[in-house]
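**Q** Swiss-Prot lists 51-65, 58-70, 64-81 with the feature disulfide bond, giving similarity to another entry as the kind of evidence. Among the features that Swiss-Prot reports, signal peptide is placed at 1-19, with the record citing sequence analysis.
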């Protein structure tokens with residue numbers, strides 16, 4: 001009987017140690033994934049366009065391309081670039 005109880009307690013201790021290790025590994029992977037996302041986001045910001053394309057979000061500091069105009073369109077809660085009914089000259 002004592003051996004069975006000792007075995008159960010030992011097994012629970014092993015499971016506790018293993019789960020702690022898995023949790024630490026999972027947290028490390030989560031942090032690594034978050035850093036990777038931030039790096040990709042920073043890389044895409046450096047490749048920002050000079051103008052916003054069709055249906056792109058626009059503001060004073062983010063102008064639309066020449067053949068588009070910045071308008072508020074309901075139900076969208078921000079301004080978007082829409083066609084101004086002209087064609088760009090090439």
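For all residues, glycine too, the Cβ spot is worked out from N, Cα and C.
I'd like to know what surrounds each of these features in this structure.
**A** Neighbour density for residue 65 (disulfide bond): within 10 A of its CB lie 17 other CB atoms from the protein chains shown.
All protein chains considered, the CB of residue 58 (disulfide bond) has 22 other CB atoms within 10 Å. In the three-state DSSP assignment, the secondary structure recorded for residue 58 (disulfide bond) is coil.
Sequence-distant neighbours of residue 64 (disulfide bond) (same chain, six or more apart, CB under 8 Å from its CB) are 51, 52, 53, 56, 58, 70, 81, listed in sequence order.
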**Q** Which of these disulfide-bonded residues has the least crowded Cβ, counting other Cβ atoms within 10 Å: 51, 70, 81?
**A** 51
